[in-house]
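In what follows, a structure is listed as C-alpha cells, so that the remarks can point back to it.
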Ligand code: F6P
C-alpha cells in the first residue's frame, strides 16, 4: 500500500480535524502519500480529491468543523455511485480509505469494502451512538458545550423562578441529554430510550416547588419530541408555564476538548496502521482506554447500549 485517502462524512463533530491530521501525519511518517477527499462521499463520486502534505494539516488540531468539509449523500447509497467512487480512487492509485463519521458513513465504508476497496471507519459524531467504542469523536466537546450553556440558563431560571425545557441533539441516542442532565443536576431527563408519563414529570416538578426550589431544568433529547410540543402539553394539560431553549447546532461546533483531540489522534493513527496491515472493513474505537477494532458489518448490526447505571443514578439524584 502506497497511497491512502481520508474523508469526513455526515454531521460534523469537534475533533474531526484532529483525526484528519493524525491520519495524514501518521501516513506520511509511514512513507505513504495521503489524499484528502472533499465533501464526503458526494465529493468522492465527483473526484474532489487532493494530495495533502504535512503542512496541509498544520494549525487545525484545535479547530472545530472539518477542513475536508462534509455532506450527507443519498446518491451514494446506489451501487452505481459506489463503483464510481472506487474508480475515482483507483485512477489516482489510492488503495485504502479512512472514513470519519457516524453510522451512515460506516454503511458507506462497508459497501466500498464489500466491493473490494479497503476502508476503515473512525467514529466521528457528537451523538456517542456507535457500538464498539466507549466514546465517539466530538461527544465530549458537545457534552461540555451543553453543560456550559445550561449553567447559563440556570442563572436566569433561578432569578425568575422558572422551569426551563432545554432541547439537545440526539434523535435516537440519549447520551448527550442523559450525561448533561446529570452534570447540571436536571430535575428531569427525557431520552428516546425510555418512555415517560407526563404526569410523573409534573409531580416531580411540583414536589420541588413545594420544598422551595427556585428553578427547574428539564433536559429533553430531540428524539423524544420538540421542546415546543412538550411546553404546549404542560401548559394545556397542567397549566404549567415554562420557557424553552433549543441549543441546536452550537452543540456541533467549537474547539475540541483535550479528550477529543487525544481520542481523535489515537484513532486516526490506528486507522493507518490497520490499512498497512492489510486489514479492512474495520470500525475503530476506544474501549476501557485501549484502542480496538471490530468488524464494521457487526458494529452496524448492534445498538449502542445506554449506560444503565448512569440512568438510574440520574433518577436517584433528582428526587
Ligand atoms: O448525527 C449528529 C446530529 O448532530 C444529530 O444529533 C442531529 O439530530 C443531526 O445530526 C442534525 O443534522 P443536520 O445538521 O443535518 O440537521
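In case you wondered, yes, glycine gets a Cβ from its N, Cα and C as well.
Values in this document were obtained by computation on a predicted structure and should not be read as measured data.
Here TrEMBL flags 3-275 as domain 'Phosphofructokinase'.
Here TrEMBL flags 11, 72, 73, 102, 103, 104, 105 as ATP binding site. In the three-state DSSP scheme, residue 105 (ATP binding site) falls into the helix class.
Within the same chain, residues at least six positions away from residue 21 (ADP binding site) with a Cβ under 8 Å of its Cβ are 57, 60, 61, 265, 268. The ADP binding site annotation in TrEMBL covers 21, 22, 23, 24, 25, 154, 185, 186, 187, 211, 213, 214, 215.
Summarising the annotation, TrEMBL assigns Mg(2+) binding site to 103. Annotation for residue 103 (ATP binding site): same-chain Cβ neighbours under 8 Å, separated by at least 6 residues, are 125, 129, 130, 300.
The substrate binding site annotation in TrEMBL covers 125, 126, 127, 162, 169, 170, 171, 222, 243, 249, 250, 251, 252. Counting only same-chain residues six or more apart in sequence, the Cβ atoms lying under 8 angstroms from the Cβ of residue 127 (substrate binding site) belong to 102, 136, 139, 169, 170, 171, 172, 173, 175, 176.
According to its DSSP assignment, residue 127 (substrate binding site) is coil. Taken from TrEMBL, the feature active site, proton acceptor applies to 127.
Across the binding-site residues listed here (25, 243), the residue whose Cβ sits among the most other Cβ atoms within 10 Å is 25. Among the binding-site residues 23, 102, 215, 243, the residues whose Cβ lies under 6 Å from any atom of ligand 1 are, in sequence order, 102. With respect to their backbone Cα atoms, residue 25 (ADP binding site) and residue 11 (ATP binding site) stand 24 Å from each other. Residue 243 (substrate binding site) has 215 as its nearest neighbour among the binding-site residues 23, 73, 105, 187, 215, going by CA to CA distance. Of the listed binding-site residues 23, 169, 250, the Cβ environment within 10 Å is emptiest of other Cβ atoms at 250.
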